[in-house]
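A short write-up of the structure that comes next.
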Amino acid sequence: MNYLPIFIDLKSKNVLVIGAGEVGLNKIRILLRAKAKVNVIAKELCSEVKLLLRDQKINWLSKNFDLIYLNKIFLVVSATNDIKLNQYIFKKCNERCVLVNIVDDKLKCSFIFPSIIDRSPLIVAISSGGTAPVLLRLLREKIEAILPNKLGDVAKIAGKWRLAIKKHFSNFLERRKFWEKLFHSIFVEHILNGNKEQAINVLKKNMNQNISLTGEIILVGAGPGDSGLLTLRGLQVLQQADVVLYDYLVSEDILDLIRRDAKRICVGKRVGLKNITQNEIIKLLIFFAQKGKKVVRLKGGDPFIFGRGSEEIEAAKDAGIHFQVVPGITSAIGIAAYTGIPLTHRKYSQGVIFITGHKCIDGFLNNWSILSDPSYTLVVYMGTLKAVYIAQKLITFGRSKLTPIAIIVQGTTIHQKVIVGCLGEIEKIIPFAATPSLLIIGDVVHLHKKLAWFQSENILKKIKNKFSTLTFI
């Protein structure tokens, strides 16, 4: 983030605009809308700026800039085409810690003006940091179309009743749930239709209803990595959560979608580190839910595929806590799609089997004859550490050493890496694979080179000379 978006109260503050042509006029108008005291320095005033001066909405200080005019100024905008003057103004403002914007020169700006969607008191500001003004304009048009013109009236009425609601509901959670319920009710529609009296009646009626503080636990599948693969329902739940317990595999892009004031707790497990136990995770879920919180358990992929999600909602059920499950795109499905490897194919595979590498030990996973069937694609979650063992078992039970394999690291993300090789050479390949990774075994991997569409790095391009049987790459 190159710029921190903040909203500044300019009411009655002295600001200085240097230049009073068309560009300067646009900045003056914005500053006047923010109720700032606008002072102008310009050799000439355009006709519309002259009207503002006549109506005493601005103050014309001088035709020429002087350092004395920076005294007691909160913010400066320079809208001139004088490069030397702009450089001088920028330097002197920085020396005085005065906010300055040199129009159309973002390297000489301590702040920039965003594109504004005004539904006062509701304000939406967006910016591309000066990199893509046309894209910014298109986004503004889309947002303008989404937000009704009278949406500001909704905020105004809510503001007038805010203190009364605070007195009526002393508990913060009660207040938040009241407002959430109200804004999802016909209250908003009444205001947008101009029926403010009916809207107030709805508000009063909701005030007299009991607010339930019953907590709940929601399992949410975050998908395989790309934040665009999070479901719409998953996004809605993250925006409503009070507490989010998340795995370390969940990407930062998805974590950024969580409601800003929600409590976030990482409960992920990592090899070689001291980890929170599953029992401790369950205790945390129940603890927060029993306090009336909406608790989200955010898990990579899908919560019911090797995710112990069932154990967590069993505990919720036993504790009498309401729960729900929001499925996610499981890693095998998402990553295979992003690497151009169809898990089933009429020519290569009649089915697919999912297993986890953590349980590949004799006595627990003992159906190797089925797993070795070449007519099935085998997908191994968390298989890096046991990859050599798995390959040996599959070969022992009849799978060809030339069976193609793909190891995918950080699948569906911009850091996705793909290693393609043969089952018999996995011992040479696996050192180049980071953990965690997904292992796909089967003839469908033949299609990777042809069908790969998402840009990723093929690690073996760098080390291909070490292998003898990579003819299918």
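Cβ coordinates are placed from backbone N, Cα and C, and glycine is handled just like the others.
DSSP assigns D247 (active site, proton acceptor) to coil, not to a helix or a strand. Cβ contacts within 10 Å of D247 (active site, proton acceptor), excluding its own Cβ and spanning all protein chains shown: 19. The active site, proton acceptor feature in Swiss-Prot is assigned to D247.
Per Swiss-Prot, active site, proton donor is recorded for K269, and the stated evidence type is sequence analysis. Listed in sequence order, D247, Y248, N275, I276 are the same-chain residues at least 6 apart in sequence whose CB falls under 8 Å from the CB of K269 (active site, proton donor). In the three-state DSSP assignment, the secondary structure recorded for K269 (active site, proton donor) is coil.
Residues annotated as NAD(+) binding site in Swiss-Prot, with sequence analysis given as evidence: E22, V23, K43, E44. Summarising the environment of K43 (NAD(+) binding site), the number of other Cβ atoms within 10 Å of its Cβ, over all protein chains shown, is 10.
Residues or ranges marked as S-adenosyl-L-methionine binding site in Swiss-Prot (evidence: sequence analysis): P224, G300, G301, D302, I305, M382, G411. There are 25 other Cβ atoms within 10 Å of the Cβ belonging to G411 (S-adenosyl-L-methionine binding site).
Its Cβ placed at the centre, S128 (phosphoserine) has 16 other Cβ atoms within 10 Å. Per Swiss-Prot, phosphoserine is recorded for S128, and the stated evidence type is sequence analysis.
The region 'Precorrin-2 dehydrogenase /sirohydrochlorin ferrochelatase' annotation in Swiss-Prot covers 1-203. Across the region 'Precorrin-2 dehydrogenase /sirohydrochlorin ferrochelatase' (1-203), the model assigns an average pLDDT of 95.
Per Swiss-Prot, region 'Uroporphyrinogen-III C-methyltransferase' is recorded for 215-473, and the stated evidence type is sequence analysis.
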Of the recorded positions E22, V23, K43, E44, S128, which sits closest to I305 (S-adenosyl-L-methionine binding site) by Cα distance?
S128
Given the S-adenosyl-L-methionine binding site residues P224, G300, G301, D302, I305, M382, G411 in the record, what is the largest Cα to Cα distance, rounded to whole Å?
17
Restricting to the same chain and to sequence separations of six or more, state which residues have a Cβ under 8 Å from that of E22 (NAD(+) binding site).
C46
May I ask which residues of the same chain, at least 6 positions away in sequence, place their Cβ under 8 angstroms from the Cβ of G301 (S-adenosyl-L-methionine binding site)?
G221, A222, G223, P224, G307, G328, I329, T330, S331, G334
Under DSSP, is I305 (S-adenosyl-L-methionine binding site) part of a helix or a strand, or is it coil?
coil
Extra residues within 8 Å (Cβ to Cβ centroid of P224, G300, G301, D302, I305, M382, G411), S-adenosyl-L-methionine:
G223, L249, F306, G307, G328, T330, S331, A332, G334, I335, Y381, L438
Which of E44, D302, the listed binding-site residues, has fewest other Cβ atoms within 10 Å:
E44
